[in-house]
Amino acid sequence: MKFHRQFLRQAWAIFGPLKWRMLLVLGVISLIQGMSLIGPYIQGTILDNISHGKAMAQTYWLIALAGTVWLVSHWVLQFPREMYEVQKVDFDIDERASDQTMVQMTSLSVGQHNTLHSGMKQSIINRGQTSMTALVNMFVYEIVPTISRAFIMTMAMCWLSMAMGLIVFSAIALFVWLTLWMNHTFKGDLKKLEKMWNQESKFRSEIIQHISHVLVNAQEKKARAEADAKYAETVAFAKPLWRRFLVFAYMKSMVIIVARVAVMALGAHYIYSGRHTFGTIVVFWAWSNNALDSVWNVGSLQRQIIRMWTSIRRYCEFLNMETDVKIISNPVVLDPVRGRIEVRNLSFMYDSRMAMSQDEEDEEKPKEVEKSKRPALIDVSFVIEPGETVAIVGESGSGKTTLANMLVRSSDP
């Protein structure tokens, strides 16, 4: 829960300035979804007119009205919305995340950058920033529109028939709950499988990277056998997992099938009882299909979020790091430099200051990196006079590079 609050704070700090733009886009999307109610309604009215033998002129008028609604939705709402997204939203989301990353990078001290493994840092930034922006785009263009579409269609059905509306609402609620429960149940195995695929891919990449050594030592068969064994191990875990997942998924989809059958049966009953016309029932069926179809991708969205969450967690921890060297408001102004360098009783120990979360989702606190137990420099003192040339000599690992870096202040005290 603590990290979720931290994530919300970081997301608000990064994307908060775009809130009104995103709300405008979401508002237009909701308006387009609301207008999508009109098409099926007009189609149902046309069917009623035809079945009741009304004048053809009324039917043509309704067809023209439907075409006008679709044209307005296409050119007055959808086209300007997408142009606005390109101009004001899509690239700005990426820019805000990149700018926040750069601000954080420049705020950390030189020593923090030196003590943090550059490859790890690059991986955290690239994967985390990509996952963060993908999650925001998913929220704006998939999650909220899915919820609003299901809500609008269900409320419209309740307005015409409370019984049909409640059937659709109950089916959607049960389907979403089962989806979330199923993904939570399989979450651990899915993450384990993803890790196994990553290890298998890394193993094959290492073989390809060092293929010349494999060929020189005539180890082609052994390399293929080991790669195949790694793949077989992963597949042996993946196949039964996905078989179980498919069984649950198809059982879950029965909720939607039962809801569709119930809506059709109730609609047929309404027609035979004279409570509603045939055209009205066609409207019910169209709206219910739109509402029920909107929830199919809920499971896919949640699984994507599960896969991205670890990268987002580490990225937020990186953004939440504080610099080890604070810039004071009244720094001391140095006298003119005379060129004399004096080092007195200098000791230094490398210490990675970045705490990293592990892959486990439930782990609330990041794991502290173990500190180095061997000092790089111990009680070093010397003086270099102006114009003097000094050579630093020592065996590998004795601290020559460390000392040179200390002289130019590329490490933190």
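Cβ atoms here come from the backbone N, Cα and C positions, even for glycine.
Tertiary proximity for the transmembrane segment (20-39) is limited to same-chain residues at least six positions away from its ends with a CB under 8 Å from its CB atoms, namely 66, 69-70, 72-73, 77-78, 80-81, 84-85, 88-89, 92, 140, 144-145, 148-149, 152-153, 156, 287, 290. For 20-39 (among others), the entry in TrEMBL reads transmembrane segment.
The domain 'ABC transmembrane type-1' annotation in TrEMBL covers 23-307.
What TrEMBL lists as transmembrane segment is 59-77 (among others).
Positions annotated as transmembrane segment by TrEMBL: 159-182 (among others). Listed by sequence, the residues of this chain that lie at least six past the ends of the transmembrane segment (159-182) yet keep a Cβ under 8 A from its Cβ atoms are 150, 153, 245, 248-249, 252, 255-256, 258-259, 262-263, 266-267, 270, 276, 280, 283-284, 288, 291-292, 295, 298-299, 302.
Here TrEMBL flags 249-272 (among others) as transmembrane segment. Counting same-chain residues at least six beyond the ends of the transmembrane segment (249-272), those with a Cβ under 8 angstroms from any Cβ of the stretch are 161, 163-164, 167-168, 170-171, 174-175, 178-179, 182, 278, 280-281, 284-285, 288-289, 292, 295-296, 299.
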